[in-house]
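Feature list (source: TrEMBL):
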- 29-93: disulfide bond (DISULFID)
- 42-103: disulfide bond (DISULFID)
- 73-83: disulfide bond (DISULFID)
- 295-359: disulfide bond (DISULFID)
- 308-369: disulfide bond (DISULFID)
- 339-349: disulfide bond (DISULFID)
- 457-467: disulfide bond (DISULFID)
- 3-104: domain 'SRCR' (DOMAIN)
- 270-370: domain 'SRCR' (DOMAIN)
- 380-490: domain 'SRCR' (DOMAIN)
């Protein structure tokens, strides 16, 4: 049973309840509706519980059938269909009595969001015998795992430099970052077509694929499957082939990057913050000279895909609401963004300017974009740690075509949090908790050779190889394994922010007598010139202020030192 929230005005966690039954969407009547009913519906939608429910079509009148009436749940049912009711379609209500729910804005851990594209949907739309086999070749003779639509054909990986059907979409004019190329006599890729036809007997399953260009996944387009004997399929055609233009982060060569930067100059700016991986994070936009966030009212996959494409990624996997990637700070620039999907910039989409009362940072939007599979995680590993999230960093070097990689250690000299951030991102393990310069306690591997030194990262790189380093000329003072770099990664992170306005509002100057500052002097809280003062006479001029620290991140803040090691001092 499929359930959705609809209506307007509403937040992402509230709305009119609609049920998809017997191939038709319909509503629930509010007669005898209870909070227990709302609990069952909210859990079905992936929220932990309900905080309330609404009657009398608060979120607007629905259309179509009124599927359920006099629903009576105990509260523990897995689906609203398991509760007692009058029977499907048996109701004496009108749409003026449509029920709604208000869910607690907290997701069930691991629950798949309704604003998520499941790439397996394409497989589900055909019998097992007629599944489309889509795969993409990354140009390095390796089948991509991006689509996860089953194993690639054996010969697929042997077609160098090609992109087989299964990349996000083709045929959209002016698509970015995708550039469309149609196979055939005038395709400009005759050798590619010949390679396909020579190496394998093509087995066509999909045809008549028709996309509007706004779809976020190929499975959303109209298409047909070949039925029965497909040996004569696609008689007048040839394999569909695409050629993708890399986004800014994936372009190779300084000339390309310079050109990309020039193209981006003068455009409204947009960025992702708070995400551990490439292509995910809280959406922030630049208005005037100030970065701000976007409110999650009406946020969906179409708008999220515009963001992803503008940043040089593919379409969006998820459109996240409720500050799932942490709360931002500063202004909220946009609300009720409603993109068609064809826009080149989020600023081209219709949206509303908001006032302070409309939205809070607890409603900041985020995205999770499709990104090309680059295979970076195969070039790094951890060893010796107590869990897969920690250990000594080992990197693969000299892994050419057909060659086995040579594993080695990273010099711990100069290794810090920024380098650890890149390592954790490359490993797919989230954020960096610590970057360690000594790892003698993780000495559990037979890898002892130092192969990388002088690593200096900005923190945004996708791989350690993209950071500055000494290259083949190793320069490390301590080459013993105990001085190899290590990391401790974390899937979530806290984000502590100082309430700066409060500091400004409460700051004042105080002249305090020296005889009241003995304790502060013993704790070295005064400047060095205080040692020369005429104790206990005279005074010191102090800057006093109040402070508040807020945790706007995705995890609880826990001090590095446990409570057992905290020290109480009456002066502090």
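Cβ atoms here come from the backbone N, Cα and C positions, even for glycine.
Whatever TrEMBL says is automated annotation, not expert-curated.
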Original post:
What residue among the disulfide-bonded residues 83, 308, 339, 467 has the most other CB atoms lying within 10 A of its CB?
Top reply: 308
Original post:
Sorted by position, what residues of the same chain at least six away from residue 359 (disulfide bond) have a C-beta under 8 A from it?
Top reply: 295, 296, 297, 332, 335
Subject >> residue 73 (disulfide bond) versus residue 29 (disulfide bond) - Cα distance in angstrom >> reply: 14
Subject >> For residue 349 (disulfide bond), nearby residues of its own chain (Cβ under 8 Å, 6 or more apart in sequence) >> reply: 303, 306, 337, 338, 339, 340, 343
Original post:
Residues with Cβ closer than 8 Å to the Cβ of residue 369 (disulfide bond), same chain and 6+ apart in sequence?
Top reply: 279, 280, 304, 307, 308, 311, 313, 314, 315, 316, 317
Subject >> Taken over the domain 'SRCR' (3-104), the model's mean pLDDT >> reply: 91
Original post:
Which whole-number value in Å describes the distance between the Cα atoms of residue 73 (disulfide bond) and residue 103 (disulfide bond)?
Top reply: 16
**OP:** Would you count the other CB atoms within 10 A of the CB of residue 295 (disulfide bond), including those on all shown protein chains?
**Re:** 24
Subject >> Number of Cβ atoms other than its own within 10 Å, given for residue 42 (disulfide bond) >> reply: 25
Subject >> the domain 'SRCR' (380-490): DSSP-derived helix, strand, coil residue counts >> reply: 20 helix, 36 strand, 55 coil
Subject >> residue 457 (disulfide bond) versus residue 103 (disulfide bond) - Cα distance in angstrom >> reply: 42
Original post:
Across all chains shown, how many C-beta atoms besides its own are within 10 angstroms of the C-beta of residue 103 (disulfide bond)?
Top reply: 26
**OP:** With residue 467 (disulfide bond) as the reference Cα, tell me which of the disulfide-bonded residues 42, 83, 93 is the closest one.
**Re:** 42
Subject >> Surrounding CB atoms that lie within 10 Å of the CB of residue 93 (disulfide bond), all protein chains >> reply: 17
